[in-house]
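What follows is a single structure, written as structure tokens, with notes after it.
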Amino acid sequence: MRKLTILGATGSIGSSTLSVAKQNSDQFEVVALGAGTNVDKMLELCLEWKPKYVAMATQPAADELKELLSAHAINAEVFSGEDGLCHIAQLDEVDTVMAAIVGAAGLLPTMSAVKAGKRILLANKEALVMSGQLFIDAVEKYGAELLPVDSEHNAIFQCLPQSIQTNLGRCDLEEHGVSSILLTGSGGPFRYTDVSELEAVTPEMAIAHPNWSMGPKISVDSATMMNKGLEYIEARWLFNASKDQLKVVIHPQSVIHSMVQYKDGSVLAQMGLPDMRTPIACTMSYPKRVDAGVEPLDFTKVGEFTFIAPDFARYPCLKLAIDACYLGQHATTGLNAANEQAVAAFLANKIKFTDIARINEAVLHKVCANFQNLELDSLESLIDLDRMARRYADEAINKV
């Protein structure tokens with residue numbers, strides 16, 4: 001039986017992970033739950049799952065939860081802050097960690113799980129975007145196991161031979177006959193909207209994704225296609241892919257989740273309904289398969305598949321991310337930080353939808369001008385750069 005810590009338990013991925021665990025209760029035990037500040041949701045989860053350990057991102061949230069758990073006679077040990085989240089990520093009695101904290105906040109807890117040699121179910125793409133080679137090196141050094149949860153990376157993973165699956169970050173695609181990885185994306189809710197109308201997009205419009213059920217931040221990232229840009233960077237690191245081996249294609253139906261093209265002309269595609277329980281179940285049970293509770297794909301109802309090349313005039317954030325990917329670690333760390341600040345400002349109605357790309361571009365240029373030769377050889381140096389990029393972004397937001 002696998003023993004789980006779920007980081008980001010109150011979010012969309014956390015909910016889907018618990019759904020798979022419930023579907024297969026004889027194979028998974030939930031030992032620890034970690035979350036941000038959603039005390040009410042965490043209380044619900046604690047009442048249902050009765051974890052031994054819980055961590056909340058802030059002390060006030062942890063204190064409030066402690067009182068509520070005591071009132072309900074739930075005897076869970078409650079931790080707080082980043083240290084608390086890191087603690088439950090490296091518990092001796094846990095072998096598998098779902099890393100689903102959104103954004104840069106997930107980097108240190110995820111790295112704690114890596115250093116403890118856990119099986120990492122990586123849903124937090126920002127951790128790899130921010131730390132790149134440092135993360136890949138740590139996985140090897142500490143004997144951790146890395147399995148990708150993002151539907152696209154999980155699809156690519158499933159289409160690759162086992163010798164690559166067990167050597168992520170260090171594999172040789174060319175040696176295994178892979179000519180290219182085709183990273184698919186839906187194009188978000190505005191793929192057919194006139195570019196001139198994007199300035200008027202509201203947060204409510206941006207988070208209404210046509211195919212997937214996701215949290216607000218990733219929904220906005222999907223609308224700008226920054227999500228695909230971050231996934232591009234993540235795929236570069238996971239699969240050790242060169243620029244020539246990595247391509248993005250828009251597939252509005254979200255049925256094909258990504259593809260791998262081989263030298264002999266074969267293309268392997270992973271398909272399924274757009275439901276995160278499928279890739280989550282794949283990583284939770286790897287190399288076996290378990291019931292995810294997802295309806296089987298009915299090809300008689302799927303309809304036509306369409307594929308479109310991405311339009312960078314419509315999706316400038318995607319172009320920024322692809323460019324940053326090959327400029328260096330300073331560029332991807334800085335861009336990720338800028339984007340988190342810009343998306344938060346947009347969701348708070350402080351800036352326009354189209355300002356997100358402008359702010360990201362301004363910060364990327366500033367980071368590249370000031371930190372191109374910076375030695376990013378530790379988590380501390382990455383976090384310092386992340387903070388500086390956020391400061392640049394906040395300055396740009398205040399000027400809008």
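Keep in mind that glycine also has a Cβ here, set from the backbone N, Cα and C atoms.
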Annotated companion of ASP150, GLU152 at the Mn(2+) site, Swiss-Prot, chosen from GLU67, GLU77, GLU231: GLU231
Recorded NADPH site member, picked from GLY188, GLY215, GLY229, that accompanies THR10, GLY11, SER12, ILE13, GLY36, ASN38, ASN124, GLU126 in Swiss-Prot: GLY215
Conformational class of THR10 (NADPH binding site) under the three-state DSSP mapping: coil
Entry from the binding-site residues list THR10, SER12, ASN124 having the most other CB atoms no farther than 10 A: ASN124
Lowest local Cβ density among GLY36, GLY215, which the record lists as binding-site residues, within 10 Å: GLY215
Chain-mates of ASP150, GLU152, GLU231 with C-beta within 8 Å of site centroid, Mn(2+): LYS125, PRO148, SER151, HIS153, ASN154, LEU183, ASN227, LYS228, GLU234, ALA235, SER258
Count of other CB atoms lying within 10 Å of the CB belonging to GLU231 (1-deoxy-D-xylulose 5-phosphate binding site): 29
Candidate binding-site residues ASP150, ASN227, GLU231, pick with smallest Cα gap to THR10 (NADPH binding site): ASP150
